[in-house]
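For reference, the structure is listed below as structure tokens.
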Ligand code: BG6
């Protein structure tokens, strides 16, 4: 199957940091279909050769294991082309179309790795020159809008030109192997599903913690914040995968229908519940792995009086028969104590104790990163004699070790899926809009609340109020137990 993959924003950070390395991995693993061409388009006037040299340099900044040798790069680079395009110029789109038509590949994937402000204009221009025919797919990179209205505007523009089945909205968390394993865990095994409900589960915690600060992205980040950057998309997508009903099949729409139902069942926020159930924070100077790091307000291109949140913790519920009353805690932040993405399912305690000592409820930890695995915490007897207290023990499954050779990175997986036309791991417009609808009252309440985010020291787990949020229900975050 021949394909042409076009990156709009071909010299941008996303392209060289994530997309090209992911494609190279697919190439190295022999997974990239034969007969592919990769076309980077951007404003600069340069040749294929110069672009390839530039990319080769950029690859030196990529994680060692993912860096090509010179020989590998030569082979990979043979697939790569460059084309100068001014995205505001209609005739440049015609030029692109002519270039693509000259080969007439089986599939054309147009990846918009540009600022989302350009999406509407690009889609209109693509439509105007007929680059929306059946063989074309468009991939849209987040952030998809800034709020519900802007997301709807982008979706309208996309819909005017492309069918929903041609639109691939990326949430790279859905490409992480551990997230796909969540589907396998729940719907490929009979073990957990009977317990996956309010009768057995006390609470669920989703943590997406980063050690990194905003780095050089201060200007972008300050207009975005943690709620838009991580909760509206990644954290909510994980929540839908955890809470959804079993889909009738493994088809994209069967899955996305169920995820949408979860988003629609989320308890809506009001100004009062935002004040009670949502904590926003902003990091101050502190220390990460023994090194001093500056506070958010001292980061490059961040206004000194910024009230942008770099941390969010919130409590919500899924209002349906399966989950009524079960708290779902979501938490994300920059400059936290660990780089740790995980979902913790805390089961209810045993109904009647017959063993001495404190008993700790069972817990399933779904680890997304840095490790990729599952840990089931149980209680057992060591066998040292009568009257012994139970001891916590873990069943630990490390997918990285178990499947070392077959693991495929998130962007690699998603790019290959986009080329193959598999929509399962992409977000449908109604899901995305519903997620914005749910998040908006929080944004509104914050806009009206002048108290701003709570400070927390870099290297901590965020403001103390985040612990209090969970403690109010009689629970605690996983690292506090
Ligand atoms: C991106 C956010 O979507 O996800 C970044 O814009 C964040 O701010 C990143 O750092 C985290 O992704 P990962 O895969 O490193 O956890």
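These residue numbers are counts, starting from 1, taken along the chain as shown.
Cβ atoms here come from the backbone N, Cα and C positions, even for glycine.
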Binding-site annotation, TrEMBL, NADP(+): partner of 86, 87, 142 in 37, 43, 186, 197: 43
Listed co-binder of substrate (same site as 172, 176, 210, 334, source TrEMBL) among 147, 229: 229
For the domain 'Glucose-6-phosphate dehydrogenase C-terminal' (183-477), mean pLDDT (0 to 100): 95
Top Cα neighbour of residue 234 (active site, proton acceptor) in the set of binding-site residues 43, 86, 87, 142, 210: 142
Among 86, 210, 229, the most crowded of the binding-site residues [Cβ within 10 Å]: 229
Maximum Cα-Cα separation (Å), residues 43, 86, 87, 142 listed as binding NADP(+): 22
In sequence order, those binding-site residues of 43, 86, 176, 229 whose CB lies under 6 Å from ligand 1: 229
